[in-house]
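Asker: Please see the structure below; I have some questions.
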Amino acid sequence: MAAIPPDSWQPPNVYLETSMGIIVLELYWKHAPKTCKNFAELARRGYYNGTKFHRIIKDFMIQGGDPTGTGRGGASIYGKQFEDELHPDLKFTGAGILAMANAGPDTNGSQFFVTLAPTQWLDGKHTIFGRVCQGIGMVNRVGMVETNSQDRPVDDVKIIKAYPSG
């Protein structure tokens, strides 16, 4: 297993080169340091390369980060699921919010989502750890692709390459 980077390693952004364009994500290290480290390090290791946005719900969110593409896979850099980092100042107030997908409290792994609209019912249930700082138009276009009855895109939308800045 690769070493976990030191606490001093805090790249401000992660870039997602997708089959539909580039998304630049700003990370909220002050509010969710463990989650940011997990996401940035998985990106640095190439974990997200070649994965797809496996769940897309119009006017709600786009979800990715599962190497199996099923919505049931993925692991953190910590070797297991890890705890939520819920911050009272961070709310699901609009489009472009980056958060961890989970299966209940303290079940974070590698899957993440980006909101397409305000989703206040998620406040206090998912760790918010960043936002889209470039490419929100591209995120919105991903949110409009045709999906099947299980919210899976008919045509794959892939993360070709993910990498941290610096």
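Along the chain as shown, the residues are counted starting at 1.
Yeah, the Cβs are placed from backbone N, Cα and C, and that goes for glycine too.
If you look up Swiss-Prot, you'll see 54-65, 70-71, 99-104, 109-113, Thr119, Lys125 marked as cyclosporin A binding site. What Swiss-Prot records for 10-164 is domain 'PPIase cyclophilin-type'. Among the features that Swiss-Prot reports, phosphoserine is placed at Ser149.
I would like each feature placed in context: is it buried or exposed, what are its neighbours, and how far apart are things?
Answerer: For the recorded site, Phe113 (cyclosporin A binding site), the DSSP three-state label reads strand.
Counting only same-chain residues six or more apart in sequence, none has a Cβ lying under 8 angstroms from the Cβ of Ser149 (phosphoserine).
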Asker: Sorted by position, what residues of the same chain at least six away from Lys58 (cyclosporin A binding site) have a C-beta under 8 A from it?
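Answerer: Counting only residues 6 or more apart in sequence, the Cβ neighbours of Lys58 (cyclosporin A binding site) under 8 Å are Leu116, Gly143, Met144, Thr147.
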Asker: Count the other Cβ atoms sitting within 10 Å of the Cβ of Ala101 (cyclosporin A binding site), across every protein chain shown.
Answerer: 21
